[in-house]
Amino acid sequence: MIGDSTEARECRLKDPMDLFRSGQVVKICAPMVRYSKLAFRTLVRKYSCDLCYTPMIVAADFVRSAKARDSEFTTNKGDHPLIVQFAAKEAQVLCDAARIICPFADGIDLNCGCPQRWAMAEGYGACLINKPELVKDMVRHVRNQIDNPKFSVSIKIRIHEDLKRTVDLCQKAEAAGVSWITVHGRSTEERHQPVHYDAIKTIKQGMSIPIVANGDVKTLKDAENVHHLTEADGIMVARGLLANPAMFAGYEETPFKCIQDWVDIALEHGTPFTCFHHHLMYMMERITSKQEKKVFNVLSSTSAVLDYLNDHYGL
C-alpha cells in the first residue's frame, strides 16, 4: 500500500482545507479509473496541480482484502495533499475504509456521481444522489469515527433535473459535516451535453462550504471562465489533464519537457507498459500528425516507445 512503514511514518499529511482558505481557486486532478495513479499524480503536481484524487476504489473490497489494498492504492511522502475516492453504500464500510487509509492520505471522497451501469446496479455512484439521508449518514459516521479533525470528508455528485433536490442533498451533507462538494454539472443521463454551469452557481450560492466545479475544462482559460461562471472555490479536471498534464501551469498543449518528465517518472515507478503508453497517446494527441499517431499508437514495448521518442523528438 505504501513503500514501507518508515515512509508511512514520514507521510507529510496536510489539511486540504488550507487550500480553500488560501483565497486562490484550487486546481484539482479528478479521480480517473486507471489513470489518476501515483505516477500521473506525481507528474501533474510538478505542473501547478494543488490537489489530487486517486481513482475510485470499492470500499468493501478495500476493507476485505489486503491484495485489493496493495493493488488499488500506492502513495509516497511527496503525494500530498491526497484524497482517496471510495465507492460505498454502507456507512460502517466507508468508515472502516477511511480508518485504514487515514494514516496515508489527507481525506476521503464518497463517489455519488459515477453514472456507469455496473456502479448504479451495485448501489454505488450516481444512484446515491437519490438517497440524501444515506449520504448524510455516511458523512456523519466518518466524521464521528475519524479522530483527526484535519482529515477531510468530501462528496462528488451529479445534478438532478430538479435542482431543488440537489440543493437539498448538498445542505444535508453540509449539516453532517462534509468538507466540500464537487459538482459535475450534468445529470446522470447526460454524457456529452453542455455542462450546466448555472446549476453549479445556484448550488454554490446556497452553501457556506467550498464548492468545486467539474465538467468540460480543457485549458487554463476554460478553468478561469468556469470559475467566473460558477463562483466555485475549486476547479476539477479529468480529460483536459490527460491531454495536457501541464494545463494548470498555463501551457496550451503538452510541452516536450512534460513528456520527458512523464517518461522519467513512469520508468522510476515501474508503470505497466499499457498505462505508460496510453498516457503518452493522450499527451501527444494534439502535437502529432495523423500519420505519426498511426505509427506511435501501435508500438508494443517500452523500448520501442523510447526509441520512437528519441528518433522523432530527441527525448
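Each residue's number is its place along the chain shown, starting with 1.
Any Cβ shown, glycine's included, is placed from N, Cα and C.
Database features (TrEMBL):
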| type | residues | note |
| --- | --- | --- |
| DOMAIN | 29-292 | domain 'DUS-like FMN-binding' |
| BINDING | Pro31, Met32, Val33, Gln85, His184, Ala238, Arg239 | FMN binding site |
| ACT_SITE | Cys114 | active site, proton donor |
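Rounded to a whole value, the Cα-Cα separation of Arg239 (FMN binding site) and Cys114 (active site, proton donor) is 15 Å. Mean model confidence for the domain 'DUS-like FMN-binding' (29-292) is a pLDDT of 97. Of all residue pairs in Pro31, Met32, Val33, Gln85, His184, Ala238, Arg239, the annotated binders of FMN, the farthest apart have Cα atoms separated by 17 Å. Spacing of Pro31 (FMN binding site) relative to the residue listed as 'active site, proton donor' is 10 Å (Cα to Cα, whole number). Taking every protein chain shown into account, His184, Arg239 are the binding-site residues, and of these the Cβ with the most other Cβ atoms within 10 Å belongs to His184.
Around the Cβ of Met32 (FMN binding site), a 10 Å sphere holds 19 further Cβ atoms from the protein chains shown.
When other Cβ atoms within 10 Å of the Cβ of Ala238 (FMN binding site) are tallied across all protein chains shown, the result is 19.
Comparing Cys114 (active site, proton donor) with Met32 (FMN binding site), their Cα atoms are 11 Å apart once rounded.
Shown are the recorded positions Val33, Cys114; the one with the most C-beta atoms within 10 angstroms of its own C-beta is Cys114.
Counted within 10 Å of its Cβ, the other Cβ atoms near Gln85 (FMN binding site) come to 25, all protein chains included. The Cβ neighbour count for Pro31 (FMN binding site), using a 10 Å radius and every protein chain shown, is 25.
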